[in-house]
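Here is what TrEMBL says about this protein:
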{"type": "TRANSMEM", "residues": "25-48", "note": "transmembrane segment"}
{"type": "DOMAIN", "residues": "41-290", "note": "domain 'G-protein coupled receptors family 1 profile'"}
{"type": "TRANSMEM", "residues": "60-82", "note": "transmembrane segment"}
{"type": "TRANSMEM", "residues": "102-120", "note": "transmembrane segment"}
{"type": "TRANSMEM", "residues": "141-158", "note": "transmembrane segment"}
{"type": "TRANSMEM", "residues": "197-216", "note": "transmembrane segment"}
{"type": "TRANSMEM", "residues": "237-261", "note": "transmembrane segment"}
{"type": "TRANSMEM", "residues": "273-292", "note": "transmembrane segment"}
Amino acid sequence: MTVTNKSHPEEFILLGFADRPWLELPLFVILLVTYPLAMMGNIAIILVSILDPCLHSPMYFFLTNLSFLDMCYTTSIVPQMLTNLGGSTKTISYMRCVVQLYFFHTMGGTECVLLALMSFDRYVAICRPLHYTLIMNQRTCLLLVSTVWLTGISYAVSEATVTLQLPLCGHNKLDHLVCEIPVLIKTACGEKESNELALSVICIFMLAVPLCLILASYASIGHAVLKIKSTEGRKKAFGTCSSHLIVVLLFYGPAISMYLQPPSSITKDQPKFMALLYGVVTPTLNPFIYTLRNKDVKGALGNLSRNIFSSKRKLIDI
């Protein structure tokens, strides 16, 4: 192994599923299909939220941020996965690993807090409808979203920077598909208990606190919805919230099982499958969850499609 200096290697070998090579081709094909789907779905959500005046509300402003975040999230890992799964070279340079580490964890930390913010928005809309426009005004929404992004960046910079200071003692093999903090901590040598403790504490803050806020918001929402006498009103309220709840379950389930336990206790293949779930599957499914269960988004997508086709016909006629 070549070393640029005595602190880190020039490149890492991402072992992935080297012990089960028969998995590589199916995974390569799945990623080759899901990645364009994720990009197209999230771009469509962003476009309709911007172009359709009916969707110019805080809820869709936050959804636009989630779609942009998911695009960045999946882009930070899928191209590297495709390169490694589709070729004989399973390496990633040290600098690319560092960039991926910061980028991937910035998106993950931001999404944790953004999902909590979206649940708060639903809480205000359903439990405080008369004060909704006053509370969730444009200035407040911009301030909240800026805070969310700043929190995600702060988490990634602090945790990744500390992790990169750990000595690797000549090890340059990562038993993973991507560069991720728990795997780097597990690979490092020497005293790393303080890093494991720091990771656990920060992840409790980044995962458990937003999740508690989400659960508290939906407990209040559920109580308020049960008081609605109209069956149609109840269905509309539940329909608005159910999409977000599904996304929360898809994201928080794998993330909690991965980050709220000491890295030393993580099983061999757990990081790989968890990364595929919250880095690939969730960003791909999110646009479909929101469109299939939301009449406003479906209507806006239909209008956008009709406008595109009508524009094409006019160009053909000319």
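Cβ coordinates come from backbone N, Cα and C, glycine included.
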Top partner of the transmembrane segment (197-216) among 25-48, 60-82, 102-120, 141-158, 273-292 - counted as Cβ pairs under 8 Å: 102-120
Annotated stretches the transmembrane segment (141-158) and the transmembrane segment (25-48) touching (3 or more Cβ pairs under 8 Å): no
Contact set, same chain, for the transmembrane segment (25-48): CB under 8 Å, 6 or more residues outside the stretch: 17, 55, 63-64, 67-68, 70-71, 74-75, 78, 81-82, 85-86, 276, 280-281, 283-284, 286-288, 290-291, 297, 300-301, 303-304
Per-region confidence, the domain 'G-protein coupled receptors family 1 profile' (41-290) (mean pLDDT, whole number): 84
